[in-house]
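Asks: I have a structure I would like to understand better, so I am pasting it below and will then ask my questions one at a time.
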Amino acid sequence: MNNSFSPTKEQADAISADGNMVITACPGSGKTTVIVEKMRNEIDGLNEFQGVIGITFTVKASKELRKRCKAGAFNTKSSFFGTIDHFCLSEIIFPFANRIFEKTDLEIECISYKDLDAAYKQSLPDLSEPKVVLRTTDYHVLELEFQRHYSEGFVLLEAIGVIANMILQNSEACRRYIRSKYTSIYIDEYQDSSEPQHKLFLNMLGLGLKAIAVGDVNQSIYEWRGSDSKYINELIEKTDTFQHHRIDVNHRCHPSITNYANRLFNQNATLLPTNQIRVFQRQFNGIQTDLAQQLNDYIPQTAQSFGVELSEVAVLVRRNSGLEGLIEHLTIPFRVYTDDSLSSVNSKITKLYQDLLKYRFNLDFLVSDVSEFEAKANSLTLVSRAEVINSIKRVRNVTHDELESALHHTCRMLFGHTGKDVEHLALQSVLENPNHLKQYKPNENEVQVMTLHKSKGLEFEIVFHLDLYEWVFPFRQYTGDFNEYIFPDWEQDLNLHYVGITRAKQACILAYSTRRLNGNGENRQGQPSQFLNMPGLNGLYA
């Protein structure tokens, strides 16, 4: 075990326990450390050709998991670290899809529904609509369409889990490969699993792999895209198959923040002892843009009073639309985190462009961190490898006007082409947008601005949580009667509010203004969110 890590009893029990298990972990509980220790303990006893599967919700989280597992030059052998989509594509679909589809000589790529030509969309449900998702039972209805996609050189991003399950069920070669290479599957953020992902986890269990699910029902925030916390609850209820370990001590947040957050779900939750209050409800004068302008003074003052840098402060908003009005009126140094065009396209080409941009602007980002180069390195001759390395290094030294050409040159060396029009346009869009380009640069003491969803998995010394208005958050549906209170997304909105609050280590400021502009641009009174007046919160904020 890592000498610098001194686990709590709950953490130690989860690490030492063998067999299938569900680990439910609250924010700041050290769950990643627990996962890392379990993985390293298991990998230590494996052959070189074996490994474990480590599935995370985001690419960033997978890189962090890999980095921590490899700490101290630890040999992770043949382990996999990545997102569920990455695993399904690289380990199941790309090598074994020709077991269920007619073979093609085309290089298969992954395309999202929004980037499909209209002719393909006509044969599919409208996957751009919230809660319209594909399930494993849809495979046979859409089998011919999936075959058509494959024969024309792509698989549908939204169908990856569905197709992977079908391959696993019908290809003995695929099952034999998984069984021989991997001994366990670990899935983090299991509360955000969809039905196909849940089925894949159970299919892996059925192959004889040890199965470990890690999550927190109170942090389930992606129901609108098919995730459902019922799947982790189903595992917990399978007591004959899964041990259940709870890690419920929050090591991140000040006790007063933990107390406030816990009372959101249980008005009688036991309070941790503390003689300070670090949750603040604040009302600002004016509309949302006036609030943003006042933050230019309020944020530096708050940061100074707690002795933290601006880069350790986050401003969280409900939706992307809220970011636009906010950043137009911030004059303090800030960095906004949104999905740019390259992230949205999400292809091998755009991932290469993203890594190359990180390499250009971040001196800590190495050539070996360019994932598409690492994936192809072993298949390149020594001469070709040296040429690609030189091409990557050139990206760091060219002028901005030469950058697009340098990126295309490296891409052509690795893939033989520079991508499709949609990938070219995505790259141009990022290169022309200073706020998007800034996301690839090291933080220079700038306030971090993002949506609540984007903050998941992150932590900050101070959090400013905005948009806490009635009608807005939680979303209240107008029925024609102002005396009727309908909140169709109450549970998901409350979980998201909880996620926002528990990003804060030292202080959390819950903010709204006296007035607000509604969706029609009309100036309305800014009533506080129902979340600010929930039972059990009195005395827990200042």
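Just so you know, glycine gets a Cβ as well, placed from its N, Cα and C.
Since this is a predicted model, take the numbers as computed values, not measurements.
Copied straight from TrEMBL:
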BINDING   Ala25, Cys26, Pro27, Gly28, Ser29, Gly30, Lys31, Thr32  ATP binding site
COMPBIAS  519-532  compositional bias 'Polar residues'
DOMAIN    4-254  domain 'UvrD-like helicase ATP-binding'
REGION    519-542  region 'Disordered'
Asks: Other Cβ atoms within 10 Å is the metric here; tell me which of the binding-site residues Pro27, Gly28, Gly30 scores highest.
Replies: Pro27
Asks: So how many of the residues in the compositional bias 'Polar residues' (519-532) end up helix, strand or coil by DSSP?
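Replies: Result for the compositional bias 'Polar residues' (519-532), in helix, strand, coil order: 3 helix, 4 strand, 7 coil.
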Asks: Take the Cβ of Ser29 (ATP binding site) and count every other Cβ within 10 Å, whichever protein chain it belongs to.
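Replies: A 10 Å sphere around the Cβ of Ser29 (ATP binding site) contains 22 other Cβ atoms.
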Asks: Other Cβ atoms within 10 Å is the metric here; tell me which of the binding-site residues Ala25, Cys26 scores highest.
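Replies: When each Cβ's neighbours within 10 Å are tallied, Ala25 leads.
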Asks: Express the predicted model's confidence over the domain 'UvrD-like helicase ATP-binding' (4-254) as a mean pLDDT, rounded to an integer.
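Replies: That stretch averages a pLDDT of 94.
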Asks: Would you list, in sequence order, the residues of this chain other than Ala25, Cys26, Pro27, Gly28, Ser29, Gly30, Lys31, Thr32 that have their CB within 8 A of the centroid of the site's CB atoms, where the site is the one recorded for ATP?
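Replies: My list of surrounding residues reads Asp216, Ile247, Asn250, His251, Arg252.
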Asks: Radius 10 Å, atoms counted are CB only; among the binding-site residues Lys31, Thr32, which position scores highest?
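Replies: Max Cβ neighbours within 10 Å, all protein chains included: Lys31.
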Asks: Helix, strand or coil by DSSP: which one applies to Cys26 (ATP binding site)?
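Replies: Going by the DSSP assignment, Cys26 (ATP binding site) belongs to neither helix nor strand, so it counts as coil.
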